[in-house]
Amino acid sequence: MRITIVGCGSIGSKLAKAADEMNDVKRIYLLDINKKVAEKVAAGLNKGIVIDSVEEELYHSDLVIESASQAAAKELLPKVAARGVDMMIMSVGALVDDDFRALVFEKAKVSEARIYIPTGALCGVDGLRSASVEELDEVELISMKGPKSLLGVPYIEEKGIDVDKIRERTVIYTGYAREAVKLFPRNVNVAATVSLLGIGFDRTKVTVVLDPDIKSNSHELRIKGIFGEMNCHTYNVPEPDNPRTSHLATLSAISALKRIVRNEWFGV
Ligand SMILES: NC(=O)C1=CN([C@@H]2O[C@H](COP(=O)(O)OP(=O)(O)OC[C@H]3O[C@@H](n4cnc5c(N)ncnc54)[C@H](O)[C@@H]3O)[C@@H](O)[C@H]2O)C=CC1
Ligand SMILES: O=C([O-])CC(=O)C(=O)O
């Protein structure tokens with residue numbers, strides 16, 4: 001298998017390293033908006049090749065993995081799906097627009113391309129997937145983060161909040177996933193994953209909490225439905241090179257790639 005990784009930052013670089021050690025992965029094409037970043041990652045690999053555009057290698061690639069940004073995912077999804085190449089998406093918020101999503105899935109259906117969405121920084125996705133076969137009454141995601149994780153979020157800055165000056169646990173946002181994934185494009189992609197699996201972007205409640213003392217990126221998924229009730233809480237270790245991203249999200253990408261490569265679908 002030959003893979004293309006778009007975005008060689010925190011997740012992409014570690015995924016590339018893991019892929020380099022997988023026997024079934026023969027080539028790893030690397031693309032980053034900042035070419036030096038891709039070159040640095042490639043230098044540490046045996047199978048890495050830096051490319052300048054996805055189109056360049058699309059005919060040689062079996063799987064394109066986006067670990068860049070919602071904007072990058074939005075640009076890539078229709079192109080890659082139209083060519084019949086499988087794709088894995090980390091910036092899941094890119095799928096928030098219903099018309100865009102329908103277009104992408106239709107293209108993928110016609111071309112027989114698969115779109116993989118890893119469980120990301122979250123646990124409980126398995127239960128949500130099963131429970132959503134029947135009616136769900138409520139799905140809520142409560143994400144609690146420290147100041148480093150929420151630094152530079154335009155929505156917070158526009159509200160005049162200085163995250164470094166907050167001294168006690170503070171609710172920064174309450175609303176629904178439709179809006180949350182756009183206001184926090186680098187923090188709550190998990191809300192998009194939950195929406196896609198459960199009751200959609202307009203009914204999935206999202207709360208973002210800033211806790212000055214918290215050391216983890218915590219996500220709590222609460223679900224109520226015919227199946228009963230579920231409450232799953234993860235306390236994730238943030239990635240040292242990007243505190244917005246939880247290490248579990250990186251591991252979820254590596255684990256998804258392993259399953260794809262080995263064609264093993266335990267726990268589906
Ligand atoms: N689904 C989930 O549970 C999670 C999703 N994410 C999302 O995954 C994405 C990657 O996360 P990280 O690796 O932590 O981010 P990062 O910021 O560490 O790395 C992103 C890399 O992509 C590059 N990049 C940005 N735009 C690009 C473009 N248009 N084309 C090519 N390269 C581009 C950047 O230069 C950077 O090197 C982010 O959008 C993040 O929000 C992160 C954690 C959990
Ligand atoms: O890694 C996390 O904790 C969640 C995250 O960044 C996202 O969902 O975009």
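Placement of Cβ uses the backbone N, Cα and C atoms for every residue, glycine included.
These come from TrEMBL:
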type	residues	note
ACT_SITE	His219	active site
BINDING	Ala121, Asn189	NAD(+) binding site
DOMAIN	7-118	domain 'Aspartate/homoserine dehydrogenase NAD-binding'
DOMAIN	167-254	domain 'Aspartate dehydrogenase'
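Cβ-based neighbour count (10 Å, all protein chains) for His219 (active site) stands at 26.
In the vicinity of ligand 1, defined as a Cβ distance under 6 Å, the following of the recorded positions Ala121, Asn189, His219 are placed: Ala121, Asn189. Cβ neighbour count for Ala121 (NAD(+) binding site) (all protein chains, 10 Å cutoff from its Cβ): 27. Looking at Ala121 (NAD(+) binding site) and His219 (active site), their Cα atoms lie 8 Å from each other. Here the C-alpha separation of Asn189 (NAD(+) binding site) and His219 (active site) works out to 12 Å. Residues in the domain 'Aspartate/homoserine dehydrogenase NAD-binding' (7-118) partition by DSSP class (helix H, G, I; strand E, B; coil) as 58 helix, 18 strand, 36 coil.
Secondary structure at Ala121 (NAD(+) binding site), taken from DSSP and collapsed to helix, strand or coil, is coil.
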